[in-house]
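Enquirer: I grabbed these lines from TrEMBL:
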TRANSMEM  A:24-49  transmembrane segment
TRANSMEM  A:55-75  transmembrane segment
TRANSMEM  A:105-123  transmembrane segment
TRANSMEM  A:135-156  transmembrane segment
TRANSMEM  A:176-194  transmembrane segment
TRANSMEM  A:224-248  transmembrane segment
TRANSMEM  A:254-272  transmembrane segment
TRANSMEM  A:279-299  transmembrane segment
């Protein structure tokens, strides 16, 4: 009796929505999707399934993952940082220019990190104190920062070859690329902070209901400003990793990856309305997007098509988020 | 016998929501050119009756006739087309558009252009001017941008909007709530003009003095039934209040505890420009102080001002727990021992996506930590203690708060503050949107908490709540304390105080 009566349809729909409404369902769906992707590419390409290729995916996505990791709590708290990738570009530029002026490489790194923190702090002040829309503030900041990076270099790529520094991007520990380790440690740390600390609770409360959070004496502004600074710092670290990997600082090297950063956070199930999300979802999403890129490249698909694919995946993910929101009764 | 049919005749109106009757057998009549005040306390059924009249709700029983013709408004647009217009309580204008555009936003006059029809600005301006003239406010320029007008003038434009087209019945819901006394007289002037033009007005207000000034007749609802109709000229405040409220409080409220402790809070000369004026009172441990006031009286800000939610207060002296206290921020208020439960539970109270446990622990999170990390077991045992203590009906501490009923969400919002060190609980509208059963429980629990030594300050626009719950009661009106009562004050006495009517106090 395979006829679908209205009763069975509505029962199925109820089951579907109740499944999608579970807190972990988003991450579970992503995990299934990721495994499916790995299986498909393993069948399609003989080069895909190897430790070497997996580690290469990991180290390719590491600097993007770093930015997406800190972007996740920021979006959960109701913020958004579009300037993070531009900050990554500026960081490399600042380090290479200062180093060329004869400054010690680690001092140059320290200056660049400080500059990034200041930019994050400004983002935070504009969005909290002046209550401006973060989309506009950080879009403006993105333009300022990437423009400055171009001005400082004249648009040219600067070499940055300092063995001690390049290790950050090229080194390995027990065969595992250092950038990948850095990214995984960041995710682990943020997971602990978000789920196990007071600050983490404040993040969810600030994004879930800022006014209620303020009225029960949670420092909402301070929480959000901190997250903007952390996001900018992750941009700086991503810029350092990228410049160290490439042995050069290009002013616009990271900007093109902003879309991937935001896409990963949303694909990972973090609600753009705030209050909901997890870093594990973002990590899986980063792996999915990286695997998609890698697999398509191995199959000789033009990189132009990869942009199309990423967009399609993103829109599917956003639709899924909307369905999940409804299932949760918003 | 067959005189002209009344302008509006509602007969035997019945309505229930989910099996709970809200209106039963209500009759309501308005003659042409008559101003009828519709009175009743919160939940009496006024707004439901008006929503049925304007086509927002369907009805379960009864008939409606306008000018003798039976009508059945399936949607608000049908009511508007029949000349039944509603002026909602909240001012809703488009601040960046002109007066004329605001008046005609719903029905822009169009003219034929070369390619397509465009807005006929000239006609719109001309008709706006006519309408404003007709109301006696020809001085308002139709080209002015709305946000440049005063609140009272915006109200007048809203009335003009409601009258655009053929209005036969105008329903005004608390039209003076946001206005000063002087501005309110402008509204009365308009009502008199409308009367002269034979428009009928249904006037909803809590201010008895206003009602007595402007209405021809007063219709009172109580618990969804007619509770009396009075010719305004032949009645007085006491009779109307008795019809509205009765003189009994009922058994919704627990008996007051006897022993009161030391003074917890004392407030002197607290002022907030335009909102509060020279407020003074004190509360002792174990005591519930109720503060009653209508919309705009200052009850919306008094609790927040003391807690610190409005930032640093410039005027006034406050002592809390025997020490000088200056409101500065919610963080500071909390640290000084104040717990605050906001009126709008959904917007300002619960964090919907978090669990009951997380919602309870959030306000004093630092007390549920072990080292760097949150201790879930400490949170759980604390949450369980107050789930039992306040009788919160939930599947357990891990249930998401959004799935709880309003009354249980409210208890969670109270539970947040029940930790060592909090001495004063400030609650705004503690039972707004809560069903009767849960109300009774919340009242009981507040009394329990007072008996445990909390000082409880309840700010409410529900007069019966304040009269029944408080050991003492204050009445606020337009930012000032206009009445102080001991235990046993009746709702009618509190209500009468807001009306500030000397004749009644003498009686």
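Think of each number as a place in line: the chain as shown, counted from 1.
Glycine is no exception: its Cβ is also placed from the backbone N, Cα and C atoms.
In terms of burial and nearby residues, how do these features look in this structure?
Expert: Packing against the transmembrane segment (A:55-75) from elsewhere in the chain are residues 81, 84-85, 88, 175-177, 179-180, 182-183, 186-187, 190, 193-194, 200, 203, 207, 224, 227-228, 230-231, 233-235, 237-239, 241-242, 245, 254, 257, 260-262, 264-265, 268, 270-272, 274, 277-279, 281-283, 285-287, 289-291, 293-294: each is 6 or more residues past its ends and has a CB under 8 Å from a CB in it.
For the transmembrane segment (A:105-123), same-chain residues at least 6 beyond its ends with a Cβ under 8 Å from one of its own Cβ atoms are 81, 83, 87, 90-91, 94-95, 98-99, 134, 137-138, 141, 145, 162, 164-165, 225, 228-233, 235-237, 239-240.
Residues of the same chain lying 6 or more positions beyond the ends of the transmembrane segment (A:135-156) and with a Cβ under 8 Å from any Cβ of it are 80-83, 85-87, 89-90, 93-94, 97, 119, 122-123, 126-127, 249, 251-252, 255, 258.
Same-chain residues lying 6 or more positions outside the transmembrane segment (A:224-248) and placing a CB less than 8 Å from one of its CB atoms are 59, 62-64, 66-67, 69-71, 73-74, 77-79, 81, 83-92, 95-96, 109, 112-113, 115-117, 119-121, 123-125, 127-128, 157-161, 165-170, 179, 182, 186, 199, 203, 206, 254.
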Enquirer: State the non-local partners of the transmembrane segment (A:254-272) in its own chain: residues 6+ outside its ends, Cβ under 8 Å from one of its Cβ atoms.
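Expert: Those are 26-27, 30, 63-65, 67-68, 71-72, 75-76, 80, 82, 84-86, 88-89, 92, 142, 146, 235, 238-239, 242, 278-286, 288-289, 310, 313-314, 317-318, 321, 324-325, in sequence order.
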